[in-house]
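Structure first, then comments.
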Amino acid sequence: MLSPQLLVLFGSQTGTAQDVSERLGREARRRQLCCRVHALDSYPVVNLINEPLVIFVCATTGQGDPPDNMKSFWKFIFRRNLLPTSLCHMDFAVLGLGDSSYAKFNFVAKKLHRRLLQLGASALLPVCLGDDQHELGWPAKFSLQFLQGAPRRSSEELTVAGTDPRGPPSELQPFPAPMLANQRVTGPSHFQDVRLIEFDVSGSGISFAAGDVVLIQPENAASHVQQFCQLLGLDPDQHFTLQPQEPGVPCPERLPQPCSVRHLVSRYLDISSVPRRSFFELLAYLSPHEREREKLLELSSAQGQEELCEYCTRPRRTILEVLCDFPHTASAVAPAYLFELIPRIRPRAFSIASSLLAHPARLQILVAVVRYWTRLKEPRRGLCSSWLASLDPGQGPVRVPLWVRPGGLTFPETPDTPVIMVGPGTGVAAFRAAIQERVTRGQIGNVLFFGCRRRDQDFYWEAEWKALQERGYLTLITAFSREQEQKLYVQHRIREQGPLVWELLEHRATPSTCPPACRTP
């Protein structure tokens with residue numbers, strides 16, 4: 001069954017607003033929304049009180065007049081006897097279609113937006129104003145003004161607009177943590193590069209417990225930043241300021257003002273992500289090159305989705321690589337449209353692999369560097385893991401912006417409650433933090449099932465686990481899947497050793513009475 005319910009209402013004089021509304025309806029149904037599309041005067045306006053979600057698409061005619069097919073609605077909605085809570089259950093958005101050469105540009109959309117707010121409805125976003133005079137119909141969200149010369153302070157030194165230096169570190173105010181160590185912990189012949197990375201969080205106000213996660217804000221590779229700037233004809237050292245084009249639209253919170261192009265591309269624009277269909281659609285509008293524009297429109301059409309999957313989605317082609325394939329279009333993209341075209345870099349979350357009780361003022365993570373092949377010439381690389389792996393604190397100071405949030409993994413607070421943990425591969429990271437925390441508090445009854453490929457290649461923290469075993473604080477059960485002819489996984493060990501583990505826990509074993517049968521095979 002299709003859900004939720006969406007209603008698109010339009011007021012159209014020449015048919016443009018109707019065409020846009022019908023297109024919205026098609027897009028909504030493609031996204032599994034139950035959508036109805038009606039002219040405003042053909043819809044029973046008294047039913048609006050029962051509509052949870054409505055999009056209004058309105059043209060403006062003459063000197064700020066509503067179109068003919070919404071005049072009855074217009075008269076009704078401005079009745080003085082309507083209660084200010086009449087539409088309190090409705091969420092809405094208004095799209096205006098107008099012409100900025102007229103004095104009352106998009107007057108109907110602006111006035112309707114204000115009236116719906118007066119009647120208690122909740123706006124999903126500020127009123128959107130289309131302009132027939134604009135080359136795209138929709139102006140960019142921001143105007144971008146390049147500055148002559150560089151500001152006295154660099155982008156990295158400038159305070160990000162809207163951030164508060166007080167309080168614990170957050171996405172808007174991350175802590176630039178010094179990286180102390182970046183060590184590969186898998187064998188040199190192992191197929192995967194896994195890093196144990198340690199940060200100094202002293203003086204940050206950061207606190208965490210076992211099961212919490214750290215979020216890290218990555219950067220694009222310097223070579224990719226340079227390539228992107230060359231494609232678009234941008235000077236990475238030039239600075240700019242942003243101004244919203246419409247009231248109520250804030251500037252991006254994570255960008256300093258003024259900002260350098262290098263900072264924008266390296267730290268904000270996710271040029272390494274795989275583009276969505278909407279990227280090709282907007283890029284087609286921006287393209288002055290006929291052949292490239294036709295191909296982009298084909299890839300963004302409903303009929304071109306199989307080709308888009310083959311070209312982009314399946315091989316994981318990035319935004320930067322797509323722009324390289326459409327060089328004439330890329331060179332014509334105005335910088336202000338980069339904010340519409342390219343998503344921002346989102347932070348990546350990692351399980352914290354250490355305890356503040358065992359390592360005060362330190363935070364450790366275990367990172368598997370993502371690298372794999374598709375049919376493309378270059379391997380696919382994880383943005384954050386590859387960036388972290390490239391940092392070498394031995395070559396000079398390295399700082400990584402990070403903050404901490406509670407995780408979904410919690411551990412018992414009562415000291416005598418035993419814990420069974422199953423952590424194959426890098427999934428063991430959070431359990432290392434828990435074991436360190438529990439051992440520091442003198443808690444026993446810690447059982448860890450750990451699995452990896454080979455003992456000599458990816459047995460993370462082997463020496464640490466064995467030391468805790470010898471002290472009687474840990475029962476470790478391992479499975480090395482590639483060390484015998486028949487693959488052996490953690491689930492096999494759970495079936496084999498499960499009854500003995502339960503026997504151990506039922507007797508609340510002390511460090512000196514841990515049964516040998518539950519030790520590492």
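Heads up, the Cβ atoms here are built off N, Cα and C, so glycines get one too.
Non-local neighbourhood of Ser12 (FMN binding site): Gln18, Asp19, Ser21, Ala39, Val57, Ala59, Pro67, Asn69, each in the same chain, at least six residues away, with C-beta under 8 Å from its C-beta. The FMN binding site feature in TrEMBL is assigned to 12-17, 59-62, 97-106, Asp132.
Within the same chain, residues at least 6 positions away in sequence whose Cβ sits under 8 Å from that of Ser385 (FAD binding site) are Arg348, Val367, Ala368, Val369, Val370. Look at TrEMBL and you will find Arg316, Arg348, Ala349, Phe350, Ser351, Gly382, Leu383, Cys384, Ser385 tagged as FAD binding site.
The annotation NADP(+) binding site is assigned in TrEMBL to Thr426, Ser481, Arg482, Lys487, Leu488, Tyr489, Val490, Gln491.
The annotation domain 'Flavodoxin-like' is assigned in TrEMBL to 6-147.
Feature annotation from TrEMBL assigns domain 'FAD-binding FR-type' to 172-413.
Spacing of Val490 (NADP(+) binding site) relative to Asp99 (FMN binding site) is 66 Å (Cα to Cα, whole number).
Of all the binding-site residues listed here (Ser351, Thr426, Ser481, Gln491), the one with the fewest other CB atoms within 10 A of its own CB is Gln491.
Annotation for Asp99 (FMN binding site): spatial neighbours Thr60, Phe105, Asp131, Asp132, Gln133, criterion Cβ-Cβ under 8 Å with sequence separation of six or more.
With respect to Thr426 (NADP(+) binding site), the closest of these binding-site residues in Cα terms is Ala349, chosen from Tyr102, Arg316, Ala349. Between the CA atoms of Gly62 (FMN binding site) and Arg316 (FAD binding site) there is a gap of 49 Å.
If you measure from the Cα atom of Leu383 (FAD binding site) to that of Gly15 (FMN binding site), you get 45 Å. For the domain 'Flavodoxin-like' (6-147), the DSSP counts in helix, strand and coil order read 46 helix, 40 strand, 56 coil. Counting every protein chain shown, the Cβ of Leu488 (NADP(+) binding site) has 18 other Cβ atoms within 10 Å.
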